[in-house]
Amino acid sequence: MNPSELRMMWMSSQYNSERITLEDAATLLGHPTVGLSVMEDLSAHQPTLDMNPMMSLMGGDFTGQAAATAAALGVQPGTLIATNSNNLYGFAHMGGLQQQLLQQSAAAAVFQNYAEAMDNDVENGMVGMAMEAVVDDDDQVYGQRDNNFDDNGSELEPKQEIINIDDFVMMNEDNNSYDGTDFMTSSDKDISQSSSSCMAQMPGSLGVPGVEHDLLVPLPDGLLHHKLLGTTLVPAMGTLNGNAFGNIMVSTENTSSKQMQRTYSTAKGANSTATTATCSASTSSALRSQRKTRKIEPVNRPGLVLKTPIAYRGNIDPSVIPIQKDGMAVCKRCGAIGVKHTFYTKSRRFCSMACARGELYSLVLNTKMEGDQATTSSPDPGAGSESADLPGDQQQSQSDIELDLHAAHIKNANYRFRITDQSKITQLNSFGEPMSMGGDAAANNVQMAADETIAALNGGAVGDATAPGSTEEGASTPNSYLSAAPTPKALRLFKDIYPQDDLPQIPKYERLPVPCPQMEKIISIRRRMYDPTHSYDWLPRLSKENFNAAPVTCFPHAPGCEVWDNLGVGMKVEVENTDCDSIEVIQPGQTPTSFWVATILEIKGYKALMSYEGFDTDSHDFWVNLCNAEVHSVGWCATRGKPLIPPRTIEHKYKDWKDFLVGRLSGARTLPSNFYNKINDSLQSRFRLGLNLECVDKDRISQVRLATVTKIVGKRLFLRYFDSDDGFWCHEDSPIIHPVGWATTVGHNLAAPQDYLERMLAGREAMIEVHEDDATIELFKMNFTFDEYYSDGKTNSFVEGMKLEAVDPLNLSSICPATVMAVLKFGYMMIRIDSYQPDASGSDWFCYHEKSPCIFPAGFCSVNNISVTPPNGYDSRTFTWEGYLRDTGAVAAGQHLFHRIIPDHGFEVGMSLECADLMDPRLVCVATVARVVGRLLKVHFDGWTDEYDQWLDCESADIYPVGWCVLVNHKLEGPPRVAHQQAPKPAPKPKIQRKRKPKKGAAGGKTPTDNNTQSVKSRTIALKTTPHLPKLSIKLELKPEHHNAAFYENNQPEEEGDEEDPDADGDGDGSTSHISEQSTTQSSSDLIAGSGSGSGSASLVTLATGSNKTNSSATNNKYIPRLADIDSSEPHLELVPDTWNVYDVSQFLRVNDCTAHCDTFSRNKIDGKRLLQLTKDDIMPLLGMKVGPALKISDLIAQLKCKVNPGRARSHKTNKSPFL
């Protein structure tokens, strides 16, 4: 603050008219400001001058600065008197100029106390000795810094708790720096001042008036921190020493400790009256000097209070904080809430470097305390250092914090101090609390504490230093000496930087998003030799001219959507060089060693067409997923020491490749440096395994059911119901999942355990008790807020009985008339599709929100030329809304009730994408946009008829860009291979067609259908269901599972393989299923029940054949029996399991209800011979130590052996023993 600013403040402010003189300045101001250029001119006492108005202004600005400044200059200032206004303005101006020196000198004074001061005479019991100093000719020990040296108000910058010298250096570099500690409010300051001042007056207190005790005094309720309160009785010390800086350690050569003690004792009686008078004066002066911080608290919402410039206070309701839930973080140290990417340390857990330091010091100190306890309980004195090792989680946390501290302060390394000599620790003011032990024990404890301090300040493991003079008695002293015994000042400084009690955390901290348990790195996948998922490969279609993929920016939920606009054609990247001498075998998680520069020629979804620099033709162009570990920005190799190796084909084309690259890269664009960080961050799920939530019951869609998250793949969750192993897949943004307590809140039917229901019922009258594994509302995506219905008093606009059109939740390819059956709270309502027969129990009702994009006004289909499915009993050719409303006497919902805002989504007809089949949600299939109606998309599954199409919203979380499955390691189902009718081949390869979609029967049930009803071939097909489909009268469950023919063909002898159908669709691949060709037709009476598939969301039907019925299958003329249904009357077929290949073994497991383990046996290449050799001990590790499945398969193998050798059947039955 310069003189002109001070003058303007003085002229415009309304100052206190109370008359004071500058003899009282010490009482009012604490420490007057010292100007550097006028120190020598102020040695003589000047006449007092009444400058009350201006001093009132200055009182809050420069308090507490003279002490440290004087210490830095090496002089003992006298009382400063402003004789005129020019001096006063000079003091104000110089006070601002000396801020930098003030900060450095205060730090130097603190650390010199440890390096230069000599040991107190503890044995003489000098209790209450406040300030002692012994100096030599070269060095001078300066007074203890005031812990709150600017508490009395400096408006130049906010109060900061100084932790180490780095803080001073950081503040020196930037006066606006802020370490993240709490601002002390005026009430806090008054309490601390009055408490510490009056403590010197208490009869039983230690020391004399005006002496700083540095007691750890707990603040009253409502204050979260313990402050190290220094006594502020500056006037008493000022009177004692004859100047206004009594709390400075006076440099007195040849003065012993005992002499100083006698000096203080003599002055004690003479100054007791003055101390009593100044106790209240100091408190009142604090009220007049309440300072303000420069950070202005927001006024637009009074409930939001900043704790630091980047974080709000921790006691604020997170729902009112204007931060996205997925970007919110809570400081692990102090509970402050802020934006996650602005927090400190690599794991983003602290709101400031001060909190990070405090956590580090707490870890060190707490570990030392635990080590001390182990030491005192152990007879071996040397056991203490052994027990001081940090646990694994604390070591990880400590190293994380230390790394950030080092990175933040690396430029200030020269300012660090290191205490290496134990003898240089001086116990200044060493009696923090009354002693409760003898002098010898006290000395031992002080020595032990000093040793701990040395180890802690040196950054080593606390507890490594051992006091040379420690005795056995001292070693066995309880570790309560930290608070009940003399404590060296070094250790009390250590205690100042961490709170004594755990700070309260907001309840929702435990429920903030937890990283998804998936690989941190995007693994190398470009040249994987074996793909365990057998996913469909887009590569054959990418190069076609008419292929059009939907851009990644069309999918707001897709990984990297927010940064995809930064990518473009013509960018240069560094990519793996596959045209080299030695072809590497890249394993998952490994990084290739050879790279070269390439140019992006075309981008389709996540796929990019690239060309190596140096090629003039497209002969070596290649497609690669932009989000894998083999593509990097230009310069990545240089930072990691990897060479750029030109392709072998053109390695001799240029003599100087360096000049060539310089010319090509000049002015070129490359990937953003944080591109892959953004991709990885967007791949993390908001949910974690084990969370409980409420989701739609797929067996009764009119109710929700408690379920648990058991798997997470690419933000897709597998939910398992609480009372069964059944469940289904859905995306975390799906509207059919809800937070805990949702059903109770909106009035929806709920199926859950009894204790859960009781907890929800109790929450109706009060807040719902939240458990650790409850998925709360901030994890869910909603297109509305509950505040809309609270703040505006909004109610539902829909009325029970209204008619509208809606997407059929049981058949997403149709839009039907529907009726509002019930109106719930917060915009939710239950509707019934009128195309079905009414159900008296209401089990066919489904919950939609009034803002759902899947409901439409009456007549929407006719306006947009969409075929509407008529109500039950009406003909689609004659159905009209006018006649229907007239017949039912109902009212159509008005157009204004529907929210049909159409965003610029970017989808066009013909765009390819990947889409989840919501009739079987575990499958993600190749699909194409068949139609766009506003924001409504009709998605067609490639290779399937239109009856499998799905109407989805443009922002649906069930559609993904091309290449998404590769990115998240999810299987992609390709189009089916169409086998044309022709003469049978000698040894036809079995194939399975993808499941068929059911058609509605007359009673609303489902019956399987097949497009090729004239074919004599039998097929294994799937009954397409929905996660909300009620149980059918005929229970149909999964029997065979989709598998890859290409893999099995690669493991068969060449003579057993068959040629590919030349007329098959070239776009297909091994992700399609197989068709078992047999000689007889199938009928509906051949339906059988099998076992669950694991996901429980799809049901498959096996259509059996002729004499074999369902007991076996024929594959390449090999008999594979179903052992569970063996009938003695069945004609005997030749059974030779020794000749089975890998596929035959998988087929054997399928027909015997062990489909879930087919892939495991296939990956291990188990053929018929090896299958017969497997023992129980072999099967257990093969199946991941799962006892039940291993026991079942072991028994199947035993039955198979008995089937081959009937003579062993009797011995098998009689000698059957337990598995374990």
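Each Cβ is built from the backbone N, Cα and C atoms, and glycine gets one as well.
The zinc finger annotation in Swiss-Prot covers 322-357. Annotation source Swiss-Prot lists Zn(2+) binding site at Cys331, Cys334, Cys351, Cys355, citing sequence analysis. The region 'Disordered' feature in Swiss-Prot is assigned to 371-399, 464-483, 976-1024, 1050-1092. The feature compositional bias 'Polar residues' is assigned by Swiss-Prot to 473-482, 1071-1082. Per Swiss-Prot, repeat 'MBT 1' is recorded for 536-647. According to Swiss-Prot, the repeat 'MBT 2' annotation covers 655-753. If you look up Swiss-Prot, you'll see 761-871 marked as repeat 'MBT 3', on the strength of sequence analysis. Annotated repeat 'MBT 4' per Swiss-Prot: 879-975, in sequence order. The compositional bias 'Basic residues' annotation in Swiss-Prot covers 991-1000. The annotation compositional bias 'Acidic residues' is assigned in Swiss-Prot to 1052-1068. Sequence annotations record features per position, and here Swiss-Prot assigns compositional bias 'Low complexity' to 1083-1092.
Distribution of Swiss-Prot features across the structure.
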residue	record	CB count, 10 Å
Cys331	Zn(2+) binding site	28
Cys334	Zn(2+) binding site	27
Cys351	Zn(2+) binding site	30
Cys355	Zn(2+) binding site	27
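According to DSSP, Cys355 (Zn(2+) binding site) sits within a helical segment. Residues belonging to the repeat 'MBT 4' (879-975) score a mean pLDDT of 93 in the model. DSSP assignment over the repeat 'MBT 4' (879-975) gives 19 helix, 29 strand, 49 coil. Secondary structure at Cys331 (Zn(2+) binding site), as computed by DSSP, is coil.
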